[in-house]
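Engineer: Below are the structure tokens for one structure; questions will follow.
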């Protein structure tokens, strides 16, 4: 490097150092330029005094049970948020309302119970979403990710999910990676459309050997794509009790309609023969009179 370039480099390093030293860093957290790291500090609440220009916030391995929407909305430039291994759960609706630049969000290893449209709908730039290892997560609404059109990686592995509507992931145009392993998938006829989509899509499914059916008992532990043919056959040929009742009603209606039609046809034929015979008698009487 030339001597003329060194002053500029030294000046830049000095400015960065001064900027980092002037940052107000939350208690028990370490701070670098545009980054706040509070990993494993046994925090029970969201830290205060986070610099407003923070781009990366790491709160992993703490005891945080609540994310304040107002404080998060002040971090308008945040692009990376790691909240794995905390106690977050119940309702996260409207929590991320002001974080339109967020690209990466990790909520794995928490106590999430559901995902609704209002949970992530304001994260318009989201590319990576990890909500795996939430054993209490039992429901994801059909349109939960409708606004997350940039989403490329989604992980819902090792949760309490038994069903996922096909349109929830099929309508994500940029989705490339979808984690589904070790869930309690209920492989019934309602889930056949999703399994068929898995086989036909270009999405990659990591740990595919562990994407298996949990119920019914006859399909337990079978890999989900492999069970498609068997499930497809049973769903198209199996008749349930209500199906037999419906078929019996249809058969009775057809039989009754046929019987009534034959009876009416018989009556019409008799009436026609009576009228025909009377007409012949009248014609014979007229001929005799002449």
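Placed from the backbone N, Cα and C atoms, the Cβ positions cover glycine too.
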Engineer: When you get a sec, could you say which of 215-243, 244-272 is annotated transmembrane segment by TrEMBL?
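Structural biologist: In TrEMBL, the transmembrane segment feature sits at 244-272.
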Engineer: Provide the three-state DSSP residue tally for the domain 'LRRCT' (183-236): helix first, then strand, then coil.
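Structural biologist: Summed over the domain 'LRRCT' (183-236), the classes give 30 helix, 8 strand, 16 coil.
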